[in-house]
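**Student:** Have a look at this one before I ask anything.
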Amino acid sequence: MEEKKSGFVTIIGKPNVGKSTLINKIIDRKVSIATHRKNTTRNQIRGIYNRENVQIVFIDTPGFLSEYKTKLNLEMQKRIKESLIGVDIILFLIPFWEKFDDDYLRKITLLNLGTEKNFPKKYCIITKIDLIKGDEGNELKELVQAIFQLNYFDKIIPISGLKNLNIDLLIEEIKSDLTDNIFHYSEKDFKGGSDQFYIQEIIREKILLYLNEEIPHNIFVQLKNISIKNKLISIEADIIVNRESLKRIVIGKEGIKIKQIGENARKEIEKYFENKKVFLNLIVKVKKDWENKDSIIKGI
Ligand SMILES: Nc1nc2c(ncn2[C@@H]2O[C@H](COP(=O)(O)OP(=O)(O)OP(=O)(O)O)[C@@H](O)[C@H]2O)c(=O)[nH]1
């Protein structure tokens with residue numbers, strides 16, 4: 001039997017370079033928010049790629065480096081460096097059309113932790129190569145050459161997360177650099193137990209995405225019913241808030257917020273159920289002081 005391999009990988013890059021698209025393509029399932037909480041010593045785990053003999057844990061790195069020495073940037077640099085401790089591989093993403101100039105280099109050399117030689121491994125991942133048109137092939141070549149000459153990265157891999165180009169290759173390369181031979185997480189850890197739990201977490205996550213981050217602490221999602229008929233999965237869930245004003249915020253002007261939350265949650269639940277069609281009915285209810293009600297707390 002093949003030897004087990006596992007390790008931690010982080011993805012870093014400017015906004016919009018394709019980080020989320022790549023992670024979502026690779027990972028099997030998002031790790032639940034509840035699992036994050038258990039891992040306070042680790043940084044947030046974004047997702048896990050789990051196969052019989054391989055476990056790759058993707059973690060979030062907070063933001064992107066900036067060299068200007070404002071207090072905020074110094075704090076960010078500190079946090080980013082902390083988040084990289086113990087990581088086996090850093091994937092540094094850059095779209096194929098960008099120039100790898102001195103500014104870029106300064107930014108990435110800030111990542112060099114100066115710990116063990118060759119550790120963590122550093123990959124330069126050139127993204128969005130599906131967008132390359134005939135005469136733009138040279139741009140990619142020039143970028144690869146420039147990166148190669150830096151002699152900084154261990155590997156240079158052009159990919160497209162969106163069009164699934166070279167993703168298998170990337171996974172193979174990651175596997176070949178992993179050295180741990182025990183799995184850090186069990187199935188139970190990242191599957192979070194049940195479908196019900198997952199659906200609730202997905203809805204909660206979307207509420208977090210579309211509303212002010214502070215609000216969801218006062219919001220609770222309760223799955224009421226789930227049924228399957230003619231290949232359609234119908235889900236009814238209540239979003240429980242503790243006051244009327246919050247209900248109005250969740251619903252939004254002319255229902256815009258709840259629509260966004262519902263649509264995005266539905267799409268993700270469909271993915272969770274391997275692209276089966278889902279009908280999602282969300283109802284916002286006010287239950288005063290729900291945070292102190294045992295019957296609700298026990299269900300969380
Ligand atoms: N054509 C193409 N578009 C891509 C690819 N990867 C990502 N995109 C698009 O680029 C945009 C940004 O992608 P994200 O994956 O959200 O980028 P990100 O780096 O996570 O962005 P932030 O969350 O802002 O840091 C989206 O519109 C994606 O659909 C790719 O491989 N090819």
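Just so it is clear, glycine is given a Cβ too, placed from its N, Cα and C backbone atoms.
Predicted, not measured: the structure shown is a model, and the values here were computed from it.
Feature list, courtesy of TrEMBL:
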{"type": "BINDING", "residues": "13-20, 60-64, 127-130", "note": "GTP binding site"}
{"type": "DOMAIN", "residues": "5-181", "note": "domain 'Era-type G'"}
{"type": "DOMAIN", "residues": "211-288", "note": "domain 'KH type-2'"}
{"type": "REGION", "residues": "13-20", "note": "region 'G1'"}
{"type": "REGION", "residues": "39-43", "note": "region 'G2'"}
{"type": "REGION", "residues": "60-63", "note": "region 'G3'"}
{"type": "REGION", "residues": "127-130", "note": "region 'G4'"}
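If you look at the structure here, what lies around each of the features I listed?
**Tutor:** Taking Cβ-Cβ distances under 8 Å and a sequence separation of 6 or more, the neighbours of Ile129 (GTP binding site) in its chain are Phe96, Leu140, Pro158, Ile159, Ser160, Leu165, Asn166.
When DSSP labels each residue, the region 'G1' (13-20) comes out as 2 helix, 0 strand, 6 coil, counted as helix, strand and coil in that order.
Long-range contacts of the region 'G4' (127-130) within the same chain: residues 13, 17-18, 22, 93-96, 140, 158-163, 165-166, each at least 6 residues beyond the stretch ends and with a Cβ under 8 Å from a Cβ of the stretch.
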**Student:** Of the binding-site residues Asn16, Lys19, Ile129, which ones put their CB under 6 Å from ligand 1?
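**Tutor:** Those binding-site residues that pass the cut-off, since their Cβ is under 6 Å from ligand 1, are Asn16, Lys19.
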**Student:** For Lys19 (GTP binding site), which residues in the same chain are close in space, meaning a Cβ under 8 Å from its Cβ, but six or more apart along the sequence?
**Tutor:** Ile11, Ile12, Gly13, Leu93
**Student:** For Ile129 (GTP binding site), just give me the three-state DSSP call.
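**Tutor:** The residue in question, Ile129 (GTP binding site), is helix (DSSP, three-state).
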**Student:** Could you give me three numbers for the domain 'KH type-2' (211-288), the DSSP helix, strand and coil residue counts?
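**Tutor:** In the domain 'KH type-2' (211-288), the DSSP-based counts are 32 helix, 31 strand, 15 coil.
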